[in-house]
Amino acid sequence: MFKFTFALALCVLAAGLVLAQHNPHWWGNRNTIVHLFEWKWEDIAEECENFLGPRGFAGVQVSPANENIVSPGRPWWERYQPISYKLITRSGNEEQFADMVRRCNEVGVRIYVDVLLNHMSADFVGQAVGTAGTEADPAVKSFPGVPYSAEDFHPSCEIYDWNDRYQIQHCELVGLKDLDQSRDWVRTKLIEFLDHLIELGVAGFRVDAAKHMASEDLEFIYGSLSDLKIEHGFPHSSRPFIFQEVIDHGGQEVTREEYNSLGAVTEFRFSQEIGNAFRGNNALKWLQSWGTDWGFLSSGQALTFVDNHDNQRDGGAVLTYKSPRQYKMATAFHLAYPYGISRVMSSFAFDDHDSAPPQDAQEELISPEFDADGGCANGWICEHRWRQIYNMVGFKNAVRDTEISNWWDNGDSQIAFCRGSKGFIAFNNNMYNLAEVLQTCLPKGVYCDVISGDLINGSCSGKSVYVGDDGLGFVSIDSDDFDGVLAIHVDARI
């Protein structure tokens, strides 16, 4: 009887740990993450204090914090080729990283680190040197900065067949030296690395290339991590939030369902389908059933995004900053519809797949500069600073814990819906005007459309909508309007 009770207790404890890894530890009603791709730590700290905190963002996904290989021209992907677990990159050193985490936590913005547990650097012509000056010899799988030697890696092989589980989880993804996570030494070093980041105050991790690691190995690693630190504002026994990169468009040998019990999973189907819809390849009316009916993961298990740093470079249906009108509409729908754990992208401009982030003549990252409207210049796109996006972060905060109601569509690509009695949004993706009296579900009053303008000192710089006693309001979105979306909510009442 004792053995049974003890075993049951262990099962309950394990289940609790797994469920806890889905909790992003947001402050208050905040519920949107932004990926500040390739930003420096000092710049992120300032952005948390000056913009993200005041605008109600919940967290930041930051680029890999550990030492990476120095590659000619400094392409973005060098950050995904580890040399050691020293916290020195072009984004800054350990002291700067720790200062960023502390300052962001103090203003209610959590930090999630992109981590590389699957592999180390690929082969390199000449001496491989990292951003901390550490030397390595990837050709013989020697990484003395950890240290790792050949016995810590799977035997070298290439992935030829994406329906072969062994190749996917044992061979080298684009030549990257594939760690053997079943080895005690490898597990120990990975856990030490993640625990060090936890000690510095991070809230969790985005796990790169998770599908290339056996889920049972990841389960052991995640389960061995320390709790988050109470001195950084986390409750007792809080577990790190885990979200895992698992590319699964269906029909895959390794599936997202193998990982979603361990933490959230990146829902790439969301990105593909929302791009299809707002590119006009699918009528918006079908979005009424958005979510699991589309074959997506359950809401609490899905990390959702319009684009990410990888697929924005791959073309196809995925929308990016290069199609700004449709991109803003897709992002507005993403943040208005109650599905998933939302992440928005903050990019730098690129002309080809390998483009480096903005850098100076010495190949050091440069800080973003801001124009008179608060947008970014000098090579940084900063979608999160576009009014249509940061105001939808505020909309999402205002309507948190409400459901969809009063869906309306024209049978094609004009749609509208309420979020409880707190928010209303409408879209026009047709080539003709939308002009309708619609149920907004809001109390009587005049509301500022947070897409076309800001509410500043009681005045709206954009459109406004009058809502009567019956909740009805006249909604107008012309086909040639700068934005094809209108959004109002209780916190934007004039």
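Cβ coordinates are placed from backbone N, Cα and C, and glycine is handled just like the others.
For CYS418, the partner cysteine in a disulfide bond according to Swiss-Prot, taken from CYS441, CYS448, is CYS441.
The annotation in Swiss-Prot ties ARG206, ASN308 to chloride, and of the candidates under consideration, ARG165, ARG269, ARG343, the one tied to the same site is ARG343. Within the set CYS104, CYS171, Swiss-Prot assigns CYS171 as the partner of CYS157, by disulphide bond. Of the listed cysteines CYS11, CYS104, Swiss-Prot assigns the disulfide bond with CYS48 to CYS104.
Considering only the residues assigned to chloride binding, ARG206, ASN308, ARG343, the longest pairwise Cα distance works out to 12 Å. Separating the Cα atoms of ARG206 (chloride binding site) and GLU245 (active site, proton donor) is a whole-number distance of 7 Å.
Taking only the Cα positions, the spacing between CYS171 (disulfide bond) and ASP208 (active site, nucleophile) is 16 angstrom. Comparing local CB density within 10 A for the disulfide-bonded residues CYS48, CYS104, CYS382, CYS441, CYS460, the maximum falls on CYS104. In this structure the alpha carbons, written CA, of ARG343 (chloride binding site) and GLU245 (active site, proton donor) are 13 Å apart. Recorded residues CYS460 (disulfide bond) and CYS441 (disulfide bond) have their alpha carbons 20 Å apart, per Cα-Cα distance. In terms of local Cβ density within 10 Å, CYS448 ranks first among the disulfide-bonded residues CYS157, CYS376, CYS418, CYS448.
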